[in-house]
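So that you can see what the record holds, here are the features copied from TrEMBL:
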{"type": "COMPBIAS", "residues": "A:531-549", "note": "compositional bias 'Basic and acidic residues'"}
{"type": "COMPBIAS", "residues": "A:550-562", "note": "compositional bias 'Low complexity'"}
{"type": "DOMAIN", "residues": "A:21-247", "note": "domain 'Cytochrome b/b6 N-terminal region profile'"}
{"type": "REGION", "residues": "A:1-20", "note": "region 'Disordered'"}
{"type": "REGION", "residues": "A:491-562", "note": "region 'Disordered'"}
{"type": "TRANSMEM", "residues": "A:54-73", "note": "transmembrane segment"}
{"type": "TRANSMEM", "residues": "A:119-138", "note": "transmembrane segment"}
{"type": "TRANSMEM", "residues": "A:150-170", "note": "transmembrane segment"}
{"type": "TRANSMEM", "residues": "A:182-203", "note": "transmembrane segment"}
{"type": "TRANSMEM", "residues": "A:215-240", "note": "transmembrane segment"}
{"type": "TRANSMEM", "residues": "A:261-287", "note": "transmembrane segment"}
{"type": "TRANSMEM", "residues": "A:339-360", "note": "transmembrane segment"}
{"type": "TRANSMEM", "residues": "A:381-400", "note": "transmembrane segment"}
{"type": "TRANSMEM", "residues": "A:412-436", "note": "transmembrane segment"}
Amino acid sequence: MSTETGNRPETAEIPKAVSGPSSYLDERIGAGNFIRRNMRKVFPDHWSFLLGEIALYSFIILLLTGTFLTLWFKPSMGHVIYDGPYAPLRGVMMSEAYASSLHISFEVRGGLLIRQIHHWAALLFVAGMMAHMLRVFFTGAYRKPRELNWIIGVLLLTLALAEGLTGYSLPDDLLSGAGLRITQGVAISLPLVGTYVSFFLFGGEYPGEDVISRFYTLHVLLIPGILVALVTAHMVLMWVQKHSQQPGKGRTNMNVVGGPFFPSFALKAGSYFLFTFAILAGLGTFAQINPIWLFGPYTPADISAGSQPDFYMGFLEGSLRIMPAWEINVLGYTLPMSVIIPALLPLGLVMTGLALYPFIEQWVTGDRSEHHVVDRPRNNPHRTSIGMSAITFYGLLWLLGANDELAANFHISLFAITRFGQIAIIVGPILAYIITYRMCLGLQRKDAEVIGHGVESGVIKRLPHGEFIEVHVPPAEDIEAHMRGKTPIPALPDGSDEKGIPPKGMRGPLGRLRGRMSRTYGGEKIPMDQPHGDDHGAHEEIGEHEEHAAVGATGEGRSLDR
Amino acid sequence: MTDHNPEIERPEERVPKRVIGTPPAATERAVLGEDKPAAPAVVAGVKPQDPRTVRKGERLAALCFTITFLAGIGFIASYVIFQVGDLDGTAASNLALGGTLTLALLGLALGMVVWARMVLPKYSVVQERHVMASDREVRSDVAEKFAQGVEESGFVKRKLLRRTLLAAVAPLGLAPVVLLRDLGPLPETKLRHTVWGEKTKDGKPLRLVVEGTGQPIRAADFNTPGGLLSVVPEGYEHDLTVLAKATVILVNLRPEEIKSGTNKNWTYNGIVAYSKICTHVGCPAALYEQNTHNILCPCHQSTFDATDGAKVIFGPAARPLPQLPIDVDAEGYLIATGDFPVPVGPSFWERGDAEAEYRQKGGQV
């Protein structure tokens, strides 16, 4: 019982069941060196570091539940007459894919549960990735040396969308067919190659009889194979580079502070996996998702009103919906702009922007150093504003993907919502940029004030001349350390000579733009030790104090301690 | 500290003598060797929990694990007890299996969290980081070795070798692309026609039949103004690839409501037939508002005016729904007198302005 009481815990003897195999392995692959270095590898603790884990665990659950589903699913578009237990569809002609999906749902014990867990896990997989990506973006955790892992992450997100699209087409019900039809309509609109892409994908004219089996191969083999490889690479890089950490007491760019992999992190990660699984199992049990039997088999002649894709496809749906009609006919060829633009522009803008951001930022700031302590979003206002702008852009498109639902549920004119969307998609991101930028500066001022003046103590004091003031005390040590983790954003050196001529490479239009962007993006907007962000300086002189006291109750954030 | 002698398990003669320059024999560095490891000193950053918290944690975690044990048994029992096959049975089975599974996972997860938070010490361990880049010496060594390898391989010096190698792999690299050619037939003019231009086996024009039931339609029976029917070509009721282009909506209008955009020669007694396949991305434009005679596509809300040649009045579609020329046969059933004048469905690169071409030939679309 010394482990519970003593300061010097005695290590228990290693049981034979562990020492035997581990020696066996070490003698053959020399695992000892690796394990010695890594068993107590330190993982920093912060709630935001767990978002990516949700995606990882959802992916594992997707692989497990997906394998289960393949045991019964028949990826075939051959016609069968349904004679299963679901009475409303008995005698109806349908594809084998749809019939086998119904079989899984109604005739395999646990089939419906696993199907629903699989679908929920797919949603959580993408949602987890998005949340994780936003965390990495807003804290600047993508900076050197983690740019490669960021690129892998963008690839993962893109592939996850493709994996989702191929997946929800497989049951071949009326709803999934609507998604497939839109996919084909977009593919065929591509200039020059569109008809060929469509004919090669569908084995001829839409829908043909090939697409389900082709999507099946993509969905269960090709894309997950690449996903597994990329996820592995993502983990290995994270492991090798060690996790980034939040600014705080004792945390620097040259260390990592937290708990050891074994036993602390392993135990927490294991329980977190089980939590994710439990939530998904609970959703699969209590929250119905994609009740395919209600939709009926797919036919290109029918559709149900209010058809909605899975949430991660909503932004594409929205951009298709708000695009005004526009088609160009030149020299006997057609450019369906009202399909090409909304299908490719937002996706291209978001994904390319994400992939390039670390490199653009490096180009603007000229920063080539390693960063292991992440930024608080407020401390890089332009980055945060760009991110919020992108979220607004994406979010508006996503919302407008449900313009018919909004119209029906809130009794607003559908046309009015669409018109609003066409304007908001331009104005919204600009407004978001401005508002976020102001908020960031405001929050920085607040931090500077806390550092400069301390925090309100709740103690009211009466001064000799009768004024009441609240006594301020210095902030708690850990909070102050967290705040003081702020570093100025790097910027290019001015480098102009005495005549004001910029250095070589900065003289052309691109160079001048780079210089201007660097000055705007970089630098320290609100210095920590200038509480008002102006030239007041520290408030140590008594004269200044008295001046403030004279201002009376309107003055804020004053301290007796300084 | 040695509890038992490794020599007992590995007799002297099996352990080779260590040669200078080779790694030491494995027994000396076993991962979790047979030796009992030395008790670690108090490690910086590891703060043990209060013993009372630990005892409480242990009991709590044990309770959670017991719940998981019971729920796991419940899961297996539910699998045996609840049969599927009818709707109620499936619902009950789903609830029982999912409920027990959720509870089991939740119990395990909670138990482990309690364990981590109440039994494990509090950690604030500091580990050093090192710059990712290898040092200068390593780098120059790598560069040297690489240069040496390139030199030895002769890849730079032997031009013939290099060029024939590159030439050799180029066609091979294209081979997989070529292999994909048979994924589908070429588009040719397939998108320009639908089966409505064909005749039945006895050479008669195709009748319009109701989608789903396959019943032909007597014009006299479809006589309520404001009515709407989804129709397909007879003989192709279950050919999805045909339906993806040839599905039609029939609208019954009062003759005076029909405007100039609609070709009146192709209507019969106020019955007008338009392609149901939206000209935006091909969803079926399935919604119809009787009062306004608007046809609405539920996918992206393209809205067409049925009285005026199905021209676009809202939404992203850029072209009207093509009109199908219809008439009645000797028995009074609705028939198609020909194909759509222009390609139906979403636009594509080779389509061109088919409407303008058709108008140039003197037709009305």
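Positions of Cβ are set from backbone N, Cα and C atoms, glycine also.
Remark: the transmembrane segment (A:182-203) contacts the transmembrane segment (A:339-360), by the rule of 3 or more CB pairs under 8 A. Contact counts against the transmembrane segment (A:215-240), taken as Cβ pairs under 8 Å, peak for A:150-170 among the stretches A:119-138, A:150-170, A:261-287, A:339-360, A:381-400. Contact between the transmembrane segment (A:339-360) and the transmembrane segment (A:150-170) is present: at least three CB pairs lie under 8 Å, with pairs separated by 6 or more positions in sequence.
The stretches the transmembrane segment (A:261-287) and the transmembrane segment (A:119-138) are in mutual contact, each linked to the other by at least three Cβ pairs under 8 Å (pairs 6 or more apart in sequence). Contact between the transmembrane segment (A:119-138) and the transmembrane segment (A:412-436) is absent: fewer than three CB pairs lie under 8 Å, with pairs separated by 6 or more positions in sequence.
Within the same chain, residues 134, 137-138, 140, 311, 314-316, 318-319, 321-322, 346, 349-350, 353, 357, 361, 375, 406, 417-418, 421, 424-425, 428-437, 440-441, 444, 520-521, 525 sit at least 6 positions outside the transmembrane segment (A:381-400) and bring their C-beta atoms closer than 8 Å to a C-beta of that stretch.
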